[in-house]
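Going by Swiss-Prot, these are the annotated features:
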BINDING   Asp21, Asp23, Asp25, Asn27, Glu32  Ca(2+) 1 binding site
BINDING   Asp57, Asp59, Asn61, Thr63, Glu68  Ca(2+) 2 binding site
BINDING   Asp94, Asp96, Asn98, Glu105  Ca(2+) 3 binding site
BINDING   Asp130, Asp132, Asp134, Gln136, Glu141  Ca(2+) 4 binding site
DOMAIN    8-43  domain 'EF-hand 1'
DOMAIN    44-79  domain 'EF-hand 2'
DOMAIN    81-116  domain 'EF-hand 3'
DOMAIN    117-149  domain 'EF-hand 4'
MOD_RES   Lys116  N6,N6,N6-trimethyllysine
Amino acid sequence: MVDSLTEEQIAEFKEAFSLFDKDGDGNITTKELGTVMRSLGQNPTEAELQDMINEVDADGNGTIDFPEFLTMMARKMADTDTEEEIREAFKVFDKDGNGFISAAELRHVMTNLGEKLSDEEVDEMIREADVDGDGQVNYDEFVKMMLSK
C-alpha cells in the first residue's frame with residue numbers, strides 16, 4: 001500500500017511527521033500526538049491517544065515511527081476522506097464560524113502546528129484554493145481542494 005505513494009507524497013508526510021515529532025527522535029509519543037491535536041482544537045483523553053497510537057503501532061513499542069506513520073497515511077488515503085471528516089477539518093480552520101477561511105485563520109492554524117509561513121505563502125495557499133477569487137476559502141472550495149490532493 002505504501003508503494004502506491006509518490007515521492008512528493010512521502011516528502012509531504014515526512015514534513016507532517018516532523019510537526020508531530022516535537023523532539024525529533026523519530027517517534028511520535030502519546031504526549032506529542034496530544035500536543036498537536038490540542039493545537040488543532042481537539043481535546044483527546046489519554047486513553048484515546050493511546051488507542052490512536054495502538055492502531056498504527058505495528059511493532060508494539062508504544063510510539064509511532066515514520067514507516068508506521070506512512071502506512072497509516074496510505075491507508076487513510078485509500079479510505080478517502082468522508083464528508084464528515086472534511087467538514088470537521090473545515091471547522092478547525094474556520095475559527096469564527098462564518099463559513100469562510102481567511103488568510104488570518106489559515107495562518108493561525110498553521111502557526112499552531114508549528115509551521116511558520118510568510119504572508120506570501122499563506123496568500124498563495126488561499127489563492128490556490130480560492131476558486132471564486134474573493135480572497136477567502138468557502139466550504140465548497142475547501143472540499144474541492146481536499147478531494148483533489
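Heads up, residue numbers simply count up from 1 along the chain you see.
Positions of Cβ are set from backbone N, Cα and C atoms, glycine also.
A simple way to gauge crowding: the CB of Gln136 (Ca(2+) 4 binding site) has 20 other CB atoms within 10 angstroms, across all the protein chains here. Nearest in space to the residue listed as 'N6,N6,N6-trimethyllysine', taking C-alpha to C-alpha distance over the binding-site residues Asp21, Asp59, Asp130, is Asp21. In sequence order, the list of same-chain residues 6 or more apart from Asp25 (Ca(2+) 1 binding site) whose Cβ falls under 8 Å from its Cβ is empty. Secondary structure of the domain 'EF-hand 4' (117-149) per DSSP (helix as H, G, I; strand as E, B; remaining residues coil): 21 helix, 2 strand, 10 coil.
Candidate binding-site residues: Asp21, Asp23, Asp57, Glu68. Fewest other C-beta atoms within 10 angstroms, Asp23. If you look at the domain 'EF-hand 4' (117-149), the same-chain residues 6 or more away from its ends with a CB under 8 A from one of its CBs are 80-81, 83, 86-87, 89-90, 93, 99-103, 106-107, 110-111. As a whole-number mean, the pLDDT of the domain 'EF-hand 2' (44-79) in this prediction is 87. Each residue contributes its Cα atom, and for Asp59 (Ca(2+) 2 binding site) and Asn27 (Ca(2+) 1 binding site) those atoms are 12 Å apart.
DSSP assigns Asn27 (Ca(2+) 1 binding site) to a strand segment in the three-state reduction. Taking a C-beta cut-off of under 8 angstroms and a sequence separation of 6 or more, Thr63 (Ca(2+) 2 binding site) has the following same-chain neighbours: Asn27, Ile28, Thr29, Ile53, Asp57. Under DSSP, residues within the domain 'EF-hand 3' (81-116) fall into helix, strand and coil as 21 helix, 2 strand, 13 coil. The Ca(2+) 2 site is defined by Asp57, Asp59, Asn61, Thr63, Glu68, and by the 8 Å test on Cβ atoms against their centroid, the other residues of the chain that qualify are Asn27, Ile53, Val56, Ala58, Gly60, Gly62, Ile64, Asp65.
Taking CA atoms as the reference points, Asp134 (Ca(2+) 4 binding site) and Asp94 (Ca(2+) 3 binding site) are 16 Å apart.
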